[in-house]
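Taken straight from TrEMBL:
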TRANSMEM  12-31  transmembrane segment
TRANSMEM  51-70  transmembrane segment
TRANSMEM  82-104  transmembrane segment
TRANSMEM  124-141  transmembrane segment
TRANSMEM  147-167  transmembrane segment
TRANSMEM  174-193  transmembrane segment
TRANSMEM  221-240  transmembrane segment
TRANSMEM  318-341  transmembrane segment
TRANSMEM  362-379  transmembrane segment
TRANSMEM  391-413  transmembrane segment
TRANSMEM  420-441  transmembrane segment
TRANSMEM  490-511  transmembrane segment
Amino acid sequence: MGLDKHFTVLDYVVFAFLLAVSIGIGLYNALSGGRQRTTQEFLMADRRMHCVPVSLSLIASFQSAVAIIGVPAEIYTHGTQYWFIGCAYILGLLIPAHVFIPVFYRMRLSSAYQYLELRFSKTVRICGTLTFIFQMVMTGFELWGTVLATGLVCTLYTTLGGLKAVIWTDVFQTVVMFAGQLAVIVVGVQQAGGVSEVWRKAWEGNRISGLDLNPDPTVRHTFWTLGVGGVFLMLSLYGVNQAQVQRYLSSRTEKEAVRSCYMVFPSLQLALALSCVMGLVMFARYCGEDHSDKLGTYTRDAMVIYFVMDMLQGLPGLPGLFVACLFSAALSTISSAFNSLATVTMEDLIKPHFPLMSEARATLLCVVRAGLWSLTFLTESALTRLFELQVVLAIFGMVGGPVLGLFCLGMFFPWANSTGAVGGLVVGLSVSFWVGIGSIVTRWPGPRPHLPNCGVILLPDNTTTAANPALSNVTLSQPTGLQRFYSLSYMWYSAFNCFTVILIGLIISFLTGPMKEEDVTPGTIYPLLRKLLFFLPDHLKKKLCCVTPLGQTHSSEQRQPPQHKEMNGLAFQQEEPGPAQDETESFLLHASAAFVEHETAV
Ligand SMILES: O=C(O)CCCC[C@@H]1SC[C@@H]2NC(=O)N[C@@H]21
Ligand code: NA
């Protein structure tokens, strides 16, 4: 699409400079500190990270070029309805902060899927890990072939620098992302003749969407699909996705991890606002014209890049900044994917079979795994093109939704057993792919009113009529039966699949003999019922919830972890579990110590 025709020397300098800084930060973290000699340092940044870099890195993981380009394209063609996904960020971050982080952090896990082994069984853990790998590989396709070059760079610092390098490069790349989007907005507003002009054109072009409370689940974007369906999308990404869980666990304390999750909220709202305003600014300038003739087969996302390059033409350095912004978005997502894939490969697939592996060998294997993953991604990204935002979100819903269901089944339902977990996940994934592929195959156009473009006439009673009546809303026939099932909005996939896994998981658990509460590993259940019924007196809670309130010891001895002795009310370990100790046992020691300590301290 001839990006380079707008590039001046200064653009190349700006782009190269920003890329060089990314590499520099990565290499610095690779060669400083403990020089990445242990897996704790390589995979968990020594669990000493501060909440500011962690929160910026949390943004970068799921703010790739797809979001930077896809959201403006969405606003340009459909209006600002998508902006309501911002309402999903409230619960979408509060629940991870107060439900998932406490459970994961007190268990001092390295991989989120260790939780599944401790709550259910090794089989469930492997299923969770493989589903996560599949999801990351599927969405790995979202990145461009052009990332190939810089992707090699990212491979360098990700494989050498570990999580610490990835987090600090993410911090820098998030700043570049915001700067690039801001530059486009400032220039665009100024060229369109000011904010009021942009607003007027967007308003006349019907791009300012009101609150659409239509309850129809087949309508693509409404307050319900975005504000409620979006919560489950956020939970699957910011609650249980390995890339984010790893960042929470790299925080120095649990409070630091919760603080980093809270700090994601304003930055995510800013990222959403910048990309939505960018779409409006583009609309004000091009009035919804469809330049696909100039772009040939390119998707509407490519149209966004064309517009931006056109807007920034004649402003040397800014096109370079915007392309650097795109690459930063892509690189920060790639590096997070590599590092989290290397972590789960090591923690969930390799280490359990080689408990006696030495630290040096384990770290070396991590480096090799991160390198192999990056080459996998780079080869596939070279083969594919940018996916549209909707496709990536649909994949997150199809794969991330069932995994979210698996964790919710484990945390909120003590009766769920491993058979139920595996059965629920298998059925959940099958149904999710049935809906997802069904909707692609039937290509249900969906009742998508064709928004009139700038050529509208604003009537005195503030209604608009399209310049050419043919463009007015076309009401399609409503889908019926199976067709309705296939035309479920992709924004409901996460919620729908999550509930399927929970429902099937519970049914199978009850059919195969529900777990007894005392058999459940301590710390793996979030006492949802007890917390929700906080207002009831204790004896009622105990009877109602049939879950022993946290902190009270059990009558049965086997609940007390071995090698502990009480001293002035605090439990601590007599000796650090030796390296030879198998991972689950050492986890048990850690968890129950932290668990009892936390509860007695509270
Ligand atoms: O860019 C990507 O990695 C794919 C799109 C992810 C977008 C989701 S929507 C909710 C949350 N908010 C973001 O800014 N990113 C994620
Ligand atoms: Na990113």
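Each Cβ is built from the backbone N, Cα and C atoms, and glycine gets one as well.
Spatially, the transmembrane segment (391-413) is adjacent to the transmembrane segment (124-141); three or more Cβ-Cβ distances between them are under 8 Å for residues at least 6 apart in sequence.
Between the transmembrane segment (124-141) and the listed ranges 12-31, 51-70, 174-193, 420-441, 490-511, the one holding the most Cβ pairs under 8 Å is 420-441.
For the transmembrane segment (490-511), the partner stretch with the most Cβ pairs below 8 Å, chosen from 12-31, 82-104, 221-240, 318-341, is 221-240. If you look at the transmembrane segment (174-193), the same-chain residues 6 or more away from its ends with a CB under 8 A from one of its CBs are 18, 56-57, 59-60, 63, 68, 201, 267, 270-271, 274-275, 277-278, 281-282, 284-285, 308, 311-312, 315, 318, 321-322, 324-326, 328-329, 332.
Long-range contacts of the transmembrane segment (51-70) within the same chain: residues 142-144, 147, 166-168, 170-171, 173-175, 177, 180-181, 237-238, 241, 243-244, 247-248, 250-251, 256-257, 259-264, 267-268, 271, 275, 301, 304-305, 325-327, 329-330, 332-334, 336, 386-390, 392, each at least 6 residues beyond the stretch ends and with a Cβ under 8 Å from a Cβ of the stretch. Outside the transmembrane segment (318-341) by six or more residues, the chain places 3, 6-8, 10-15, 18-19, 22, 43, 57, 60-65, 67-69, 132-133, 136, 139-140, 143-144, 147, 150-151, 153-155, 157-159, 162-163, 166, 169-170, 172-174, 176-177, 179-181, 183-184, 187, 241-243, 246, 305, 308-309, 312, 369-370, 373-374, 377, 381 with a CB less than 8 A from a CB of the stretch.
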